[in-house]
Amino acid sequence: MAVSNESHPKEFILLGFADHPWLELPLFVTLLITYPMALMGNIAIILVSTLDPRLHSPMYFFLRNLSFLDMCYTTSVVPQMLFNLGSSRKTISYVGCVIQLYIFHVMGGTECLLLAIMSIDRYVAICRPLHYTLIMSQRVCVLSVSIMWLTGVIFGFSEATLTLQLPLCGQYKLDHLLCEIPVLIKTACGEKEFNELALSVVCIFILIVPLFLILASYVNIGRAVLRIKSSEGRRKAFGTCSSHLIVVSLFYGPGMSMYLQPPSSITRDQPKFMALFYAVITPTLNPFIYTLRNKDVKGALKKLLRSIFSSK
């Protein structure tokens, strides 16, 4: 292994599923199918919510941000995965690893915060409908998203930078599919207690606090829905929130199982399957979840497709 200097290697070897080589071809084919689907689905959400005036509301403003996040999130890891799975060279340059580490964790942390903001938006829409336009004004939406991005960047950059300071002591093989903070901490040598503590503190603000806001919002939403007398009103309110709840479960479940435990206690294959879940499966499913369960989005998408084909 070539080393550029004493502080870091020239490249990392990503072991991936070296112990299960039979998984590589099915995984390569799956990523080759799901990655374009994720890109096309999220681009479609961004286009229809931008071009259709009926979708110029806070909920779809946040949904556009979610789609953009998902595209960046999955693009930061899937091309490298495809390259490694499709070749015998299972490496990533140190610079590539650093870039991936920063983008992956900034996007992941920002998405945690965005899902909390989206739940608050649903709470205001259902529990404070008469004040919705006043509370969720354009200025408030832009400000909340700006703070969200800034917070995600600060936490992601600080934790990734702190992790990169750890000595590796010649351990340049990462038992993972990508460069991720818990695996780098586990691979490093020397004193790692401070890094594990810092990661736990970051996860409290990025995972636990947003999840608490989401749960609190939906407890109040549930109470409000139960007070709705008409079954049609209850069904509409439930349909509005169910898509978001599904997305929250898909994203937070694997994320919490990965980040809310000390890196030293992570099992060998757990990071690989968890990363595939929240970096590939969730960004691919999100557009379909929001499209299939939302009449407005489906109508806007059909309108966009008709306009494209009619122009030809």
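Glycine is no exception: its Cβ is also placed from the backbone N, Cα and C atoms.
According to TrEMBL, the features are:
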type: DOMAIN; residues: 41-290; note: domain 'G-protein coupled receptors family 1 profile'
type: TRANSMEM; residues: 25-49; note: transmembrane segment
type: TRANSMEM; residues: 61-82; note: transmembrane segment
type: TRANSMEM; residues: 102-120; note: transmembrane segment
type: TRANSMEM; residues: 140-158; note: transmembrane segment
type: TRANSMEM; residues: 197-216; note: transmembrane segment
type: TRANSMEM; residues: 237-253; note: transmembrane segment
type: TRANSMEM; residues: 273-292; note: transmembrane segment
Over the domain 'G-protein coupled receptors family 1 profile' (41-290), what is the model's average pLDDT?
88
Suppose I define contact as three or more CB-CB distances under 8 A, residues 6 or more apart in sequence; do the transmembrane segment (197-216) and the transmembrane segment (273-292) meet it?
no
Non-local residues, at least 6 beyond the ends, that sit with Cβ under 8 Å of the transmembrane segment (237-253):
66, 111-112, 115, 118-119, 122, 125-126, 207, 211, 214, 218, 221, 224-225, 228, 277-278, 281-282, 285-286, 289-290, 293-294
Checking distant contacts: for the transmembrane segment (61-82), what same-chain residues at least six beyond its ends satisfy Cβ-Cβ under 8 A?
27-28, 31-32, 35, 38-39, 42-43, 45-46, 49-50, 92, 96, 99-100, 103-104, 107-108, 110-111, 114-115, 117-118, 121, 141, 145, 177-178, 247, 275, 279-280, 282-284, 286-287, 290
